[in-house]
Amino acid sequence: MEFKSGFLNTLQVRGYLHQCTDDVALDELMALQPITAYIGFDCTARSLHIGSLMQIMVMRYLQKFGHKIVVLLGGGTTKIGDPSGKDKARAMLSEAEIAANKAGILATINKFLNQGDGVVIADNAEWLGEVRYLEFLREIGSKFSVNAMLGLDSVRSRLDRDQNLSFLEFSYVLLQSYDFVELHRRHKCVLQIGGADQWGNIVNGIDLGRKLGLPQLYGLTTHLLLTSTGEKMGKTADGAVWLDAEMFDPGNYWQYFRNVADVEVGRLLRLFTELPMNEIAELENLQGEAINEAKKVLATEATAICHGKSAALAAENAALQVFEHNDDAGLPHFPLHKSLIAQGISVAKLLQLAGLEESISAGRRLIKGRGCKINGMVVEDADHALTHADFARNSGYITVFCGKKRRIKVVVED
């Protein structure tokens, strides 16, 4: 389908769009006039990570095409915990932890958006904290069918595996649905956007609005951020790829995108840069060693959007100093049998096997002191399990640096 509205057309062409309720009607509306859309973020950590970057980029495009945005921070729903995609309940956070996380997430989002340009920051604690239980059950709870709620993926997956699902988590969909209704009442919000795992919650919010007599509401989801093999992206030997510079520094952020698999380059250029599509097509079609130039462009452009142009250029220059003046081809090779990474091998164990450290405990001490890098990225988790995926995305090998002088190329062999 070819959309009339610039926003929806961009989402489709660049590969964000997963599902949309009544896309024809929403397209007509967005082509006719600016609308107000919202995206919600629960305050479960001090920063967002690249799993949320899809939604952040979508917000940038909402601004670009003149639409208004409500950024909803889940000061209230964080106390409950969204069960979507989770095998067990989240740990309960204190009020102070939620407040600190809220401040950190807001600071992260502020880096990506032009503040004051049609952006409203809301916190659902404002209205959920005022809810009277019996009135909520009468007005909102009566509009939900337990039969239908049991069919939600977030619920069914836990029950099918005989995993505990508390009533607290089971109630989450009611609260998210109520958020949509409340945001329409307060800000005339007509569109909710979220990841693909939020589809059930979004549709329930639309249905609640209909039952309460609100005008037509819409929902839209983006694809989850997965690799070409279906694994979640955003995990490294350094942990999650956070968008906060203190939690994941710009140099590591640059290296993360520089080290993606060749097959991912075009897709990530479309998603996480704002380069014109014709330029992306040229970069995507590079072959052999030339694809590394496209990876550098991806890394620099993505880092500039997240951390600023100067930080991106500094990260690029630092990487060039390491890699282009210390060619991988000249590094000593260490063969690693593929059976050792079938179940994953810890970084500390690899350092011992490769002779870079005398023992696993020595490797742990080195990593604790931030003295080890894999593919240019500082390793902080000594127990991170390196698997085939880590090697496959870098043509079957990784480079390991310990301090300034001990450098090897670890190659997987049969």
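For all residues, glycine too, the Cβ spot is worked out from N, Cα and C.
In the three-state DSSP classification, Gln176 (L-tyrosine binding site) falls within a helix. The L-tyrosine binding site annotation in Swiss-Prot covers Tyr38, Tyr172, Gln176 and rests on sequence analysis.
The annotation ATP binding site is assigned in Swiss-Prot to Lys235 on the grounds of sequence analysis.
Per Swiss-Prot, domain 'S4 RNA-binding' is recorded for 345-412, and the stated evidence type is sequence analysis. On the 0 to 100 pLDDT scale, the model's mean across the domain 'S4 RNA-binding' (345-412) is 86.
Sequence-distant contacts of the motif ''HIGH' region' (43-52) (same chain, at least 6 residues past either end, Cβ-Cβ under 8 Å): 73-75, 78, 81, 90, 93, 98, 100-102, 104-105, 108-109, 195, 224-225, 232-234, 240-244, 247-248, 256. According to Swiss-Prot, the motif ''HIGH' region' annotation covers 43-52.
Look at Swiss-Prot and you will find 232-236 tagged as motif ''KMSKS' region'.
Counting every protein chain shown, the number of other Cβ atoms lying within 10 Å of the Cβ of Tyr38 (L-tyrosine binding site) is 24. Around the Cβ of Tyr172 (L-tyrosine binding site), 21 further Cβ atoms fall within 10 Å across all displayed protein chains.
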